[in-house]
């Protein structure tokens, strides 16, 4: 047997919630790593981490960090990606970027491997990982779109605080403790760290994820709308989103309404198609109260679908409930899947 | 000045979450009560309550309890209403029923006073209070329907646990404490007390409110669909709902998509109409992060509307976010409003 090719891999944002998950998955999946570099801000540099039992010291990310790196997995915020991803590419690395920095760039493939892995082939050095709430929705809808055609999507999300980082999770738990003890609750992180006002998330719901655009939609909502069209290769697809932050740590849920191109389909047609879909798990038996929840999906790689119903008025309309771990399929796992595809299909060369 | 007419009022389910709020509102609004009777199950009978500073002993509800009662406000579950509301009517009382027992009965008006108070006039002794999640939605949409016409409604709800009673609120807080202390979490009440399985609500989301119907929708979802058509007097109206229980105690939020009968309307047209609407408060300034949340609406009578956006694809489509205290406008306050209308318009006589 030929010796397996191995690669120098860097994780940028290695101490963050998603960076930690990426390292774990590279280990769990036995990704062919020759050497792993863990990169972070100056503040986290010097921390000691382990990978396959070996110690690795976290280093401050700099342009020179990417010398000899084959694959760089970025998850440290858009401004870091904008600054350092081109430096990594210049030094010969292929970047899988988990921020919104390059997603809508026409030269950058935006990829959910179960949906459009072929797009990776045309990369110019950077491949973008979509927004977490987009990934799980397109993973669930693509097999349905291929089978039945989809013309319209209206989604309302139920999103976990970990999408806003570890700080937001700490804030949720601290506020929850204070609330239960009858203490005053203070808000400093959510809905958006850098925005003007902050509101409590504990025992509440905030209809704002990311900042507002001029059209009244939030940036998160526009990400879902624009990224879905790009990944699906369908600019004519109608997509609308309302994104809401909720008081749980992990997994996003989505109430999705779709209009198909054809009538006369049944819930069973949907179930059959989703049962055979890659990366999707059907959990849909109302009589046995079987449906996915944020807690039931936590820690799992797949996208879970339940509550499938035919609209009572529109014969082309269907409703479904889509849940997935936002840190895994929504971020770390999808990132590693892209890296796996790069390696397996020999697409690392530009 | 003529002496104000006063009435003998009974609250059935007086010790429950909604019953307690009804008593509070009758007091706060100086409802013209001659004598107040507090009725409950045998288990809660004997409890001492106060009303305008006077002691009232809670009595077990029985057919004879309604002798000399003018207005009976029922909020003790459907089976109690089915058993005792006809007994109250037989004895000359007018019943305002806060359960689902009579809502779809064609001889029973289903009323949100801001929307269809005129329907009260034709009552045969029983007037039904709609489901909490229906009330706030129709209160927000009726002025828009009158102004612009609405043909289609798709709603996804974000509902508080108090809709499932005090026990569910206790469960949320107990589970939250256990979760934060790293203890095992047990579930015995939600999603539905009498259903087969129970799941944790703390730091989770449950896409089931009430039991499942054969069509895959839950009874809560069918209530929103059928009650909206009845209150709006529009059987041709398309309505679809997905109802989700979330980990906060009070106020339901709703992500609502509507399709109007006309194009070319703007967000400002919506704001103008809602600003003038009875019982509705506009909270919609994205640039200042102004929008309602469950916590901001708690303890308030009105229905709050924000996040108004024009759909990016359909010129007749609009999105909005509707929040209201489910125990007040969604239950107790709407019940007392109906009673006020009965008295003010002299509609007590059948």
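Including glycine, each Cβ sits where the backbone N, Cα and C put it.
The domain 'Semialdehyde dehydrogenase NAD-binding' feature in TrEMBL is assigned to B:8-123.
Listed in sequence order, B:38, B:40, B:44, B:47, B:49, B:58 are the same-chain residues six or more apart from residue B:15 (NADP(+) binding site) with CB atoms under 8 A from its CB. Secondary structure at residue B:15 (NADP(+) binding site), as computed by DSSP, is coil. Taken from TrEMBL, the feature NADP(+) binding site applies to B:15, B:16, B:17, B:18, B:43, B:44, B:162, B:163, B:326.
Look at TrEMBL and you will find B:132 tagged as active site, acyl-thioester intermediate. On its own chain, residue B:132 (active site, acyl-thioester intermediate) has B:159, B:163, B:252, B:326, B:327, B:330, B:331 as residues at least 6 apart in sequence with a Cβ closer than 8 Å to its own Cβ.
What TrEMBL lists as substrate binding site is B:159, B:245. The secondary structure of residue B:159 (substrate binding site), as reduced to three states from DSSP, is extended strand.
Summarising the annotation, TrEMBL assigns active site, proton acceptor to B:252.
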Candidates B:159, B:162, B:326: member of the binding-site residues with the richest Cβ shell (10 Å): B:326
Span of B:15, B:16, B:17, B:18, B:43, B:44, B:162, B:163, B:326 around NADP(+) - largest C-alpha separation, Å: 26
Cβ-Cβ neighbours of residue B:245 (substrate binding site) (radius 10 Å): 28
Cβ neighbour count within 10 Å of residue B:17 (NADP(+) binding site): 22
Residue B:245 (substrate binding site) versus residue B:162 (NADP(+) binding site) - Cα distance in angstrom: 10
Listed recorded positions (B:43, B:252), ranked by Cβ neighbours within 10 Å, top entry: B:252
